[in-house]
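Below are the features I grabbed from TrEMBL:
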ACT_SITE  B:SER66  active site, schiff-base intermediate with substrate
ACT_SITE  B:CYS80  active site, proton donor
ACT_SITE  B:SER237  active site, proton acceptor
ACT_SITE  B:HIS251  active site, proton acceptor
BINDING   B:PHE9, B:GLU65, B:PHE231, B:GLU255  substrate binding site
MOD_RES   B:SER66  pyruvic acid (Ser)
Protein chains: 2
Amino acid sequence: MLENGSHFFEGVEKLLEIWFEESSNGDDDLRNISRSDWENVLSNVNCQIISTSKNDIIDAFVLSESSMFVSKRRWILKTCGTTTPLKCLGQLLKLAEANGYNVVADLFYSRKNFTRPEAQITPHQGFTEEVTYLDSIFPNGRSYCLGSMNLECWYLYTFSRSDIKITPQLISDEKNVDSDPDQTIEILMQDLDPETMSIFYKNKFNDANGATVKSGIDTILPTMHIDDFLFDPCGYSMNGINDKGEYMTIHITPENQFSYVSFETNVALSNYRKLINQVINTFKPGKFIVTIFANKCSLAYETMKELEVEYSQGSHWKRTDMQCCNFPSYNLLFAQYSHSEKTGDNL
Amino acid sequence: MLENGSHFFEGVEKLLEIWFEESSNGDDDLRNISRSDWENVLSNVNCQIISTSKNDIIDAFVLSESSMFVSKRRWILKTCGTTTPLKCLGQLLKLAEANGYNVVADLFYSRKNFTRPEAQITPHQGFTEEVTYLDSIFPNGRSYCLGSMNLECWYLYTFSRSDIKITPQLISDEKNVDSDPDQTIEILMQDLDPETMSIFYKNKFNDANGATVKSGIDTILPTMHIDDFLFDPCGYSMNGINDKGEYMTIHITPENQFSYVSFETNVALSNYRKLINQVINTFKPGKFIVTIFANKCSLAYETMKELEVEYSQGSHWKRTDMQCCNFPSYNLLFAQYSHSEKTGDNL
């Protein structure tokens, strides 16, 4: 955490989500992978498991750098700092194969631009390097940059088996694609309110639960069973899982010079505006990015258009960028906001 | 045109469009700039004027590499090959100032990824270099990449004075922004039908008009007054202008190994689907990109959403990418299509 003599920690996470094709054997399950196998996988990433929680549908791991979620055929790894999540891909694919999953249906790798890209370790020293690495494993993947490349942006690499196997006629007739409803919203916040961030220091609370309750994190999605962790001297992580197998996860880098908070969940809502406002009011960022993925079966699919129009009306937030992408089986909404008073853009 | 011993020509154009703020003096007009001044400007770009046409509202120039359009307060330069349009910016801004226009209201610089980027001349040796050059003149500009960065994409750099001067409240209440209706559609086509392309060889027609009529270019927008040019031994350019001051322009690189056709117009339509189909049926590409810009006052602004949904339904075209961007005063739609039979993607 000491870079060039000054204290710095890269809160911006690298997020990897993989869906495997359904297997014909009903007993196949990624949750059959043992803890020691996961520890081996994560050693390539340079992080460790520090807490676990689970229910009938999903296993959640708090890591030394962020989180991992494992369900029957979906694997999510989110890691910050100078971790190297792409380096565990080969091992992960072997473990999945040994557990009945030998075909990747969808892969998403995404991240915001790093605050200090020069501090990252290969193969994460730039998006081009990351894409080259992923292309060597998924030769039909596509890479995107949303937002302003020369200011702030969010990178996405996506591979979908449906890009290859579905005929053009089927792709046009998109509503008939048969898959589970799926949606993910991420809110990536920076320049956060120092008073709110002061909650996430070990000298304030002995256990993480105090910080969870004081900040109001427990009220954002009340049905979630929370596994939280407060780092020494500061920093906070939480995973939440509910009976439907939905998850939420929050990671906080509270230091004023490089404050960063990420919120992510896959709860199914028909409109995310209320949730976004609650998260923003909890953490009080100076600027934030929202990304929403929704597939054709998701409740959120049609309402993303509404959000696109509604959000920013009559508020003190300035929407600096807004993009929408239609992929073969997912829609993606990307929006960037900054607080007019803090940024001083309203000259 | 000889690169590494093999014949090659970069048909992909660099497109620069600048709108100046209205001046208080009604006599100010970019069309007062003399031909010799334009020749000086274009010498920095490495191209020459080969034909001109004009009406009461717009001057159109066919260039040795593509086209230039000049109206009262708008300037458009589109050049292909290894031309260097950014190098004329300083001189252009001085000439505009001398003619009463000293404030740039909007600037758009865009291009598809080059077929052979390594053949380009500085400052066009990559989008990063182009952005650095533009940032040195327009410090609040934003750069974007639409489409797949690792496959095919379209780059955009945009500067808007309204990003700086309009308060956030006004930006949110977008419909009230007062400006002229404006829209631009571009269709960038590759892998074209060789029989159609054979029309654009000098050995087939003595004058360009033969090629214009044979190909059906004259029927695409029949109200346009056409100024066309057939290059020796091959290649074709046309400018069309109508009484409303609207323009269209087509540029054709017909060689089979690197065929490329671009179509562009600012005609105001409430739906571009018919026009897109007519252009596609005229040139028969294997793949193409469509970009549509429309500001809040444009007829096209609301209907872009329809196009987004409708196009690709029940056709043999596979839509490989679709993105929509909301800028403070413009919407942008980007879509990429390839022909299923030619690409063989339907495995």
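Our numbering is plain: 1 for the first residue shown, then up by one each step along the chain.
Even glycines carry a Cβ here, placed using N, Cα and C.
Heads up, TrEMBL stuff is auto-annotated, nobody curated it.
Give me the local environment of each listed feature.
Under DSSP, B:SER66 (active site, schiff-base intermediate with substrate) is assigned to a strand (E or B) in the three-state scheme. Cβ environment of B:SER66 (active site, schiff-base intermediate with substrate): B:GLU13, B:CYS47, B:LYS78, B:THR79, B:CYS80, B:THR83, B:SER237, B:THR249, B:HIS251 lie under 8 Å away, each six or more residues apart in the same chain.
Taken residue by residue with DSSP, B:CYS80 (active site, proton donor) is part of neither helix nor strand, so it is coil.
Reduced to three states, the DSSP call for B:SER237 (active site, proton acceptor) is strand.
Around the Cβ of B:HIS251 (active site, proton acceptor), a 10 Å sphere holds 25 further Cβ atoms from the protein chains shown.
Around the Cβ of B:PHE231 (substrate binding site), the same chain contributes B:LYS202, B:SER237, each under 8 angstroms and 6 or more positions distant in sequence.
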Given that the record lists B:PHE9, B:GLU65, B:PHE231, B:GLU255 as binding substrate, what is the largest C-alpha to C-alpha distance among them, in Å?
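In whole numbers, the farthest two Cα atoms are 16 Å apart.
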Please give me the CB contact count at 10 A for B:SER237 (active site, proton acceptor), counting all chains in the structure.
26
Indicate whether B:PHE231 (substrate binding site) is helix, strand or coil by DSSP.
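In the DSSP reduction, B:PHE231 (substrate binding site) maps to coil.
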